[in-house]
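Following: one structure in structure tokens, then a few remarks.
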Amino acid sequence: MRSEERQLNLFGTSVNWSWPNLFKEREAPGMQLYDRALLFAVLSLICFGFVMVMSASMPEAQSLTGNPYHFAIRHFAYLVGCAVIAAVVLRIEMSRWQQFSPLLLLIVGIMLVAVLLVGTSVNGATRWLSVGPIRIQVAELAKFAFTIYMAGYLVRRHQEIRENAKGFYKPIAVFAVYAFLILMQPDLGTVVVLFVGTVGLLFLAGARLLDFFALILTGVMAFVALVLLEPYRMRRVTSFMDPWQDPFGSGYQLTQSLMAYGRGDWFGQGLGNSIQKLEYLPEAHTDFIFAVIGEELGFIGIVVVLSVLLFVALRAIKLGNLCIEIDKPFEGYLAYAIGIWFCFQTVVNVGASIGMLPTKGLTLPFISYGGSSLWVMTAAAMILIRIDHERRLSSIQAVQGKKVNDNREY
């Protein structure tokens, strides 16, 4: 197959865009070259996110800048960046990601050090690197880089991970370095995401149960220690357990979020009609945008949004299974990791806004306002599209090779 034919063509003539078959994969491997359902789901979430950011951010934007569309305009600019990132990522072969995963890990590690030295501080946290008018939250890049590194490591040291502790604890040492640098910002939420992804991948790779449970126990103990040693983290935990004990202090944000859900009822107050976003609910367009969705679109709206997010995560897990079956371990582990990442971050964000988990400062994938998060999530989603594209090409080549052999025998 010629190189130009191997490129991912999202609008190729072989694609049938009939709506009844949009979420149904055809059995014939040559009928389509990418996962239309996954792409449609991701684009739907991104477009929906833009609408909700515009709705949730207008009161605060008006108060801070005098322009109610300030955050919406910035969010649109971020989406332009997403389009550029998608175009670039879709053209990179998966073998390149595997080849340069250690280099990517090193570059992001250097950026994490740079954040501590020359980073920009906001609300007491130093998490951003300023590049001209753009501020990059390097911890988001760390999720991306570490996920790719872990997938590559599991392929290179697969047998070693299963047979001895040395192979198991090497990536844990790398994780510990990343975790230390990120905790210095401080950003415990990102560390938890990295830890869960690491544990999940090591389990899928067949690590010994003794090492696996020792890692989980160590992680839980470290998390408890980090919470107990920092008063502000302890306040978050105690306030989430009973926010009504101090509704105008440590429990204020959560109580306002719960009020938003209560007002939403089954069908919501209608798009744009949220009361809590009128500067009652802090971070209404970022970490707590799901509460605004609940208030404006109701229980039905949040079920639909969660269903689409779950679909994306499960599609990634399914893709991982398919890749493992055809002996593409790097692509399989990476798809697994991205699915775990999307699912866990969604659970933490939603859990924090409904009072089931302490606040961690994690965004709702594809929906919350924030350039770095959007860009990284888009890159991860496009990697899934690229993985599936290469898998389908392999299937096409296998079928064509079989036909050639059958013709020769005939």
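Numbers run from 1 along the shown chain.
Just so it is clear, glycine is given a Cβ too, placed from its N, Cα and C backbone atoms.
If you look up Swiss-Prot, you'll see 1-37 (among others) marked as topological domain 'Cytoplasmic'.
Annotated transmembrane segment per Swiss-Prot: 38-58 (among others), in sequence order, evidence recorded as sequence analysis. Remote same-chain residues near the transmembrane segment (38-58) are listed as 10, 22-23, 68-72, 75-76, 79, 82, 271-272, 274, 277, 284-285, 289, 292-293, 296, 305, 308-309, 311-312, 315, 364-369, 374, 378, 381, 384-385, 388 (criterion: CB distance under 8 Å, separation of at least six residues from the stretch ends).
The topological domain 'Periplasmic' annotation in Swiss-Prot covers 59-69 (among others) and is backed by sequence analysis. Counting same-chain residues at least six beyond the ends of the topological domain 'Periplasmic' (59-69), those with a Cβ under 8 angstroms from any Cβ of the stretch are 277-279, 284-285.
Sequence annotations record features per position, and here Swiss-Prot assigns transmembrane segment to 70-90 (among others).
Annotation source Swiss-Prot lists topological domain 'Cytoplasmic' at 91-99 (among others). Assigned with DSSP, the residues of the topological domain 'Cytoplasmic' (91-99) fall into helix, strand and coil as follows: 6 helix, 0 strand, 3 coil.
Look at Swiss-Prot and you will find 100-120 (among others) tagged as transmembrane segment, backed by sequence analysis.
Cβ atoms under 8 Å from those of the topological domain 'Periplasmic' (121-131) belong to residues 111, 114-115, 137-139, 185-187 of the same chain, restricted to positions at least 6 beyond its ends. The topological domain 'Periplasmic' annotation in Swiss-Prot covers 121-131 (among others), and the record cites sequence analysis as its basis.
Annotation source Swiss-Prot lists transmembrane segment at 132-154 (among others).
Taking Cβ pairs closer than 8 Å, the topological domain 'Cytoplasmic' (155-163) reaches residues 98, 170, 202, 205-208, 329-330, 333 in its own chain, all 6 or more past its ends. Per Swiss-Prot, topological domain 'Cytoplasmic' is recorded for 155-163 (among others).
Look at Swiss-Prot and you will find 164-184 (among others) tagged as transmembrane segment, backed by sequence analysis.
The transmembrane segment annotation in Swiss-Prot covers 187-207 (among others), and the record cites sequence analysis as its basis.
If you look up Swiss-Prot, you'll see 209-229 (among others) marked as transmembrane segment, on the strength of sequence analysis.
The topological domain 'Periplasmic' annotation in Swiss-Prot covers 230-291 (among others) and rests on sequence analysis. For the topological domain 'Periplasmic' (230-291), the model's pLDDT averages out at 86.
Annotation source Swiss-Prot lists transmembrane segment at 292-312 (among others). Within its own chain, the transmembrane segment (292-312) has Cβ neighbours under 8 Å at 37-38, 41-42, 44-45, 48, 52, 55-56, 260-261, 263-277, 281, 284-285, 342-343, 346, 350, 365-367, 381, counting only residues six or more beyond its boundaries.
Secondary structure of the topological domain 'Cytoplasmic' (313-336), assigned with DSSP and counted as helix (H, G, I), strand (E, B) and coil, comes to 21 helix, 0 strand, 3 coil. Marked as topological domain 'Cytoplasmic' by Swiss-Prot: 313-336 (among others).
Residues or ranges marked as transmembrane segment in Swiss-Prot: 337-357 (among others). Long-range contacts of the transmembrane segment (337-357) within its own chain (CB-CB distance under 8 A, at least 6 residues past either end) are made by residues 143, 147, 150-151, 189, 192-193, 196-197, 200-201, 240, 243, 254, 257-258, 261, 287-288, 290-291, 306, 309-310, 312-317, 319-320, 363-365, 368, 377, 380-381, 383-384.
Tertiary proximity for the transmembrane segment (365-385) is limited to same-chain residues at least six positions away from its ends with a CB under 8 Å from its CB atoms, namely 8, 34-35, 38-39, 42, 45-46, 48-49, 52-53, 56-57, 71, 74-75, 77-79, 81-82, 85-86, 89-90, 94, 97, 134-138, 140-141, 143-144, 147, 285-287, 289-290, 293, 305, 309, 312, 315-316, 319, 334-335, 338, 341-342, 345-346, 349. Mapped onto DSSP helix, strand and coil, the topological domain 'Periplasmic' (121-131) counts 0 helix, 9 strand, 2 coil. Here the transmembrane segment (164-184) has Cβ contacts under 8 Å with residues 105, 109, 112-113, 115-116, 139, 142, 146, 149-150, 153, 157, 190-191, 194-195, 198, 202, 207-208, 211, 215, 226 of the same chain, all six or more residues outside its ends.
When the topological domain 'Periplasmic' (59-69) is classified with DSSP, helix, strand and coil residues number 7 helix, 0 strand, 4 coil.
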